[in-house]
Every structure is written in C-alpha cells, then in structure tokens.
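A short write-up of the structure that comes next.
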Amino acid sequence: MGPVELLHMSVFSQSFSPCGRYLAAGNNYGEIAVFSLSAALSPDASERSQKPILNFTAHDGPVFSLLSTESHLLSAGNGEISAWSWAELIKKSTKAAWTRKPNYETSLEIPEINAMIINPKDNNLIVGGGDNNIHIMDMETGTFKSVLKGHTDYIHCLSFKEREGEILSGGEDGAVRIWDSRTNRPVHCIEVFKYEECARPQFGKWISCLATDSDWMLCGGGPSLSLWHLRSMSPTSVFPLSGCQREAVSYQDLIMSVGEGPYVSHCLHGGTVKAQIPCSPSSLNTLALNLKNTEHRVMTVGGSSHQIDVFTNFSYRALSLSF
C-alpha cells in the first residue's frame, strides 16, 4: 500500500481474539489487519512488533464491523458477512470459513452492514445496516431466519440486553428501537432528538452509538451523548461533549467515548467530563476494551489514520499499532 492510500486510510472496526492476545482491525479499503498484542506489549518490543502479523483484503468495500465468537472472526462488508477461523488467521491463513448474505428485498441492492452483535441466549447473529432492517441469522445452520422492520433509514448500531433478551438498534432516522428477541416484536421506540436536553439540530438526529446494561442505555450521535434510565424511558445525564460521538462504553465508574476530535473522553455517570486523553487520529470511529486477558488488558482506538492507539492504563497512550 502506497503513501497516498495510507494518508487516506480510516479504521472503522476492531475486535480482540477470544484469547485476548490478538487484535483484528478493519479499514476503508476492505482490509483486515491482525496484530499480536503480546508482541507489541512485550518489554523487548520493536517497531516491527507494532505492524500486523497478517494483512489481507476481506471485502470489496469498507469493513464497517468486526465481531469475535469463541472460534471465529466475523467481518462485514458491503452486503455480506464472512467468517475467518482465529486458529487459521494466527497461522496466517486467510481462507474464509464461510460467507453469507442477508435476504435483501431486491437483488440490485448491496447495502452496507454497519453493526453485528451475538445474542448469546440462542446463538443468533444480529445484523443491521443500509437496508433499514435487522436481519437475524442462526449461527448453527447459517440461515437467515427473520427480519425486524421499523427503522425508516439505515441502522448504525446495535446492542443487546441479556437479562431481558432485548435488541436495541440506533439509526439515521434518529430512533432507538427496542425489540423482544423472543417474539421479534418492537417493544419501545425512543426518538432521542425530540428531547430538548439531548437535541442538537445543527448536527442532525442520527444515532451512531449505543451501549446498554439491564436498566441503563448510553446513546449519542447527532444528539448529545446521554445516559438513559430504561424503566422510566428518560435521560438522566447529558454529557457536554462538543462533537458527534461514534462509540461509547461503560467501564466500572467511567463512560469512555470517541467521535469527532483527537481524544478519548472520560465521563462520570453524573454527566461531567473528567478527562480527554489525546490520540493520534484527528477523529475516531472505534473504541474497544480487551477485558478477556488480564495480561493484555488494553483499550484500543482507531479512526481517520492508519494508526491504532493502544492504552495500557486508560489515561495515556502507550503505543500505536499501524497498518
């Protein structure tokens, strides 16, 4: 890859291996790079250990979503999902285990897939993207068995509430929709942009990030990043972050968020911004926490750069991996 391509590279997605020792990242050129965290974090790490052990073209279009199961890395490109065995990737083999396409309404349509999550209760893969619908695939058989319709524009993000078995979806239409995964029926619809404390009409109404656990939901995008109590369906905290947020996670007593601007924002649940930690890319698309492996417990962020920043404690950048 030449200097011009590197200059215009964006990292859209990342996922840690089941063992927590490797990181996969997807970019706008359809490539997936696999990095060895154990090599990059070792005391005798060199510049070479910050480069991928493997880099391959997985899709024609950008890799907007990556997701790891117990054995495979799932990647989503334009209209298709591919699975790669982690054991084979580590051996530098890049043959896809399988590729599947959701049942789109027209054969001319090749919508991008923006988000994938697993429903651990029934081992279903939940997929959302450019056709405004949620597609559900049985991971055992590889068949798409249901479609959830309700969004009027494309879906950016998905989350799963395990206790209630509920799917949450956020879209360009400004709605967060909550679905019962047992019946595939809609349960609630929250139009975040209609709440005065969250609305930012100058940025639009789209919802680009979503995270949830039992009673709480984090969401943001055009509207301000906000924390919602799902029993009362009301925002309890609105975070005064200037740009649009693209990914947010809750970890212990912190909310960590990335979006426009070269930093990771650390927020407290009450609504205050505690710190903003500088990063290499000028804006960020993806933030991931590696909690599977205590030895390699890191936060990684990627965005409008060929570099992925690695934080060993979440308050400063330890190193940067690069495509």
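Yeah, the Cβs are placed from backbone N, Cα and C, and that goes for glycine too.
Summarising the annotation, Swiss-Prot assigns repeat 'WD 1' to 6-45. According to DSSP, the repeat 'WD 1' (6-45) comprises 6 helix, 18 strand, 16 coil.
Broken down with DSSP, the repeat 'WD 2' (58-96) shows 5 helix, 15 strand, 19 coil. The repeat 'WD 2' feature in Swiss-Prot is assigned to 58-96.
Under the heading repeat 'WD 3', Swiss-Prot lists 108-147. Outside the repeat 'WD 3' (108-147) by six or more residues, the chain places 61-62, 64-65, 67, 69, 74, 76-81, 98, 100, 102, 153-160, 162, 165, 167, 169, 171, 173, 179, 181, 184 with a CB less than 8 A from a CB of the stretch.
Taken from Swiss-Prot, the feature repeat 'WD 4' covers 150-189. If one looks beyond the repeat 'WD 4' (150-189) by at least 6 residues along the same chain, the residues whose Cβ comes under 8 Å of a Cβ in the stretch are 111-112, 114-122, 124, 126, 128-134, 136, 204-214, 217, 219, 221-223, 230, 233.
Under the heading repeat 'WD 5', Swiss-Prot lists 200-238. Long-range contacts of the repeat 'WD 5' (200-238) within the same chain, counting only residues at least 6 positions beyond its ends with a Cβ under 8 Å from a Cβ of the stretch, are 153, 156-161, 163-164, 168-176, 178, 188, 190-193, 244-250, 255, 257, 259, 267, 269-271.
The repeat 'WD 6' annotation in Swiss-Prot covers 279-321. Each residue in the repeat 'WD 6' (279-321) has a pLDDT score, and their mean in this model is 95.
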### Query
Taking residues 6+ outside the repeat 'WD 2' (58-96), which of them lie with a CB under 8 Å of any CB in it?
10, 12-19, 22, 24-32, 34, 102, 104, 109-118, 125, 127, 129, 137, 139
### Message
Just to be sure I understand, if DSSP states are collapsed into helix, strand and coil, how many residues of the repeat 'WD 4' (150-189) fall in each?
### Response
0 helix, 24 strand, 16 coil
